[in-house]
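Participant: First the structure, then my questions, so here it is.
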Amino acid sequence: MSRQGISLRFPLLLLLLSPSPVLPADPGAPAPVNPCCYYPCQHQGICVRFGLDRYQCDCTRTGYYGPNCTIPEIWTWLRTTLRPSPSFVHFLLTHGRWLWDFVNATFIRDKLMRLVLTVRSNLIPSPPTYNVAHDYISWESFSNVSYYTRILPSVPRDCPTPMGTKGKKQLPDAEFLSRRFLLRRKFIPDPQGTNLMFAFFAQHFTHQFFKTSGKMGPGFTKALGHGVDLGHIYGDNLERQYQLRLFKDGKLKYQMLNGEVYPPSVEEAPVLMHYPRGIPPQSQMAVGQEVFGLLPGLMVYATIWLREHNRVCDLLKAEHPTWGDEQLFQTARLILIGETIKIVIEEYVQQLSGYFLQLKFDPELLFGAQFQYRNRIAMEFNQLYHWHPLMPDSFRVGPQDYSYEQFLFNTSMLVDYGVEALVDAFSRQPAGRIGGGRNIDHHILHVAVDVIKESRELRLQPFNEYRKRFGMKPYTSFQELTGEKEMAAELEELYGDIDALEFYPGLLLEKCHPNSIFGESMIEMGAPFSLKGLLGNPICSPEYWKASTFGGDVGFNLVKTATLKKLVCLNTKTCPYVSFHVPDPHREDRPGVERPPTEL
């Protein structure tokens, strides 16, 4: 039979196969056990329960068939056979700099970037599927944006153990778990050279779409934009936005202190900000995100973006003197969204990845691909992004070290030092390694405790189920996970089975890639969420990605040429050392601040 004949008949043979049978649960299980507690359906097959002890796997469009979606179709088999492992791909991308220097200078870079974007983004379901209240496809899951979506349905409530059927009947105490495995003994710097400028950017950037609703519960969000909408700059609702706006020339309100532009006080912009009692209103700065008064590092970025917005408005006003306040404001917002995405992909994600492949923000790479320009934030992404090991033991500004007690809610540091000095200090101080465990400062360990408790309330499936969902092999032992024996033995004692390990502890305790900030799972799970959210923004669509959207070539070029250095140095009187990477110790250290060039 010819090869063409096989390719034509193979799909027909699949059609003749009977649908997946309704199967009984494991015969050795005590009845009645929900059969879906065993997670029998593989390769993204959907488990549907029938009666008390029967189930059926829906293998539609998974590329697999059979009772548990385990038999590959021929093209699936070829694809999986030829696909390199994630660890091998990571090795290739982080070795052979001379080869990647050549690739980055050729058309191959665009080809690889398109492949990265499509392969990663295809792992995220669109439209969204489940949420905290619905473990099945429903109109509510699709239409109600008050929910976080979720990638995997929750652990069924009637399972024998909290994680399904594996492990112990009671999970280890969250506080004990955090103190034993996550609490810092000694600060472990990130071997990739990540700094506090990166750490504060991560917090500032993600708090526009990670805004869990305290009233509704951990499955709900107040960030209804579900992506890069800059709600942390402009507010997450129209009322807050109006309080922050100047309503003149498209600009935001501001105050002048020591001859510099800073966010207005809550007296001038009466919005809710979370400050401790006793801090007078005139000392509370008003910005889009109500929690940014917590850290001077967050308020540094809030100040920089405020200055950038008003600077862009001046440029647009010069180009379009007939435009009114509203059009100037809205166009400036789109430009800042574009600048944010450009900086995130080409500098922030680049620093995280450690890749020699130079990442590129070019929405046109996806114009020929099937891609949906909308996004929904997943609760797993929210859980994953608690990167508190980045925070140091103390914060060094100039010659002085500030403790957490001195740094948190410090309302005078920003104005006393100025943006340039703080940017320079944060760019020079190393951040901590995220993966590998035992690197969260005791002042913020309670956050990890709360994350673990929240994941139990949300009934997230085990860590290994998420590894399978994102195309990785499940770990077979705790020692394989951690890469060492002592911690592995303790985890075995607490959980009883590697298949019962929880999602967040698994991410933070996984052994890191060599000279990397974290391990395989954080990269393979985090990258799809990030890239889908960034490129799924409407400004990246063919309808929006054109000069007219951004007020002409001047605005479009602001987006296309944005960098972290430009963002800072075009909004300060002097140009500090600014980077997501600590200075190279082999180079002669430059002065703390420089005068910015006229062209950056």
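Note: Cβ is positioned from N, Cα and C throughout, glycine not excepted.
Below are the features I grabbed from Swiss-Prot:
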DOMAIN    32-70  domain 'EGF-like'
DISULFID  Cys36-Cys47  disulfide bond
DISULFID  Cys37-Cys159  disulfide bond
DISULFID  Cys41-Cys57  disulfide bond
DISULFID  Cys59-Cys69  disulfide bond
ACT_SITE  Tyr385  active site, for cyclooxygenase activity
BINDING   His388  heme b binding site
SITE      Ser530  site 'Aspirin-acetylated serine'
DISULFID  Cys569-Cys575  disulfide bond
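Each of these features: where is it, how hidden is it, and who are its neighbours?
Facilitator: In the three-state DSSP assignment, the secondary structure recorded for Cys36 (disulfide bond) is helix. Listed in sequence order, the residues of the same chain lying 6 or more apart from Cys36 (disulfide bond) and placing their CB within less than 8 Å of its CB are Cys47, Val48, Arg49, Tyr55, Pro156.
Non-local contacts of Cys37 (disulfide bond) by the CB criterion (under 8 A, 6+ apart in sequence, same chain) comprise Val155, Pro156, Asp158, Cys159, Pro160, Gly164, Thr165.
Residues within less than 8 Å, Cβ to Cβ, of Cys41 (disulfide bond) and separated from it by at least 6 positions along the same chain comprise Cys47, Tyr55, Cys57, Asp58, Cys59, Asn68, Cys69.
A coil conformation is recorded for Cys69 (disulfide bond) in the three-state DSSP classification, outside any helix or strand.
In sequence order, Ala202, Thr206, Phe210, Gly526 are the residues of the chain that are 6 or more apart from Tyr385 (active site, for cyclooxygenase activity) and have a CB within less than 8 Å of its CB.
Secondary structure at His388 (heme b binding site), taken from DSSP and collapsed to helix, strand or coil, is helix. Less than 8 angstroms from the CB of His388 (heme b binding site) sit Ile440, Asp441, Ile444, Val447, Ala448, each of them six or more residues away in the same chain.
Counting every protein chain shown, 22 other Cβ atoms lie within 10 Å of the Cβ of Ser530 (site 'Aspirin-acetylated serine').
According to its DSSP assignment, Cys569 (disulfide bond) is helical.
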Participant: Whole-number answer please: how many Å between the C-alpha atoms of Cys569 (disulfide bond) and Ser530 (site 'Aspirin-acetylated serine')?
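Facilitator: Distance between the two Cα atoms comes out at 27 Å.
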Participant: Sorry to bug you, but what's the C-alpha spacing from Cys575 (disulfide bond) to Ser530 (site 'Aspirin-acetylated serine'), rounded to the closest Å?
Facilitator: 30
Participant: Let me know the most crowded of the disulfide-bonded residues, choosing from Cys57, Cys59, Cys159, Cys569, Cys575 and counting other Cβ atoms within 10 Å.
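Facilitator: Comparing the disulfide-bonded residues Cys57, Cys59, Cys159, Cys569, Cys575, the most crowded Cβ belongs to Cys57.
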Participant: Restricting attention to the domain 'EGF-like' (32-70), give the mean pLDDT.
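Facilitator: Mean pLDDT for the domain 'EGF-like' (32-70): 96.
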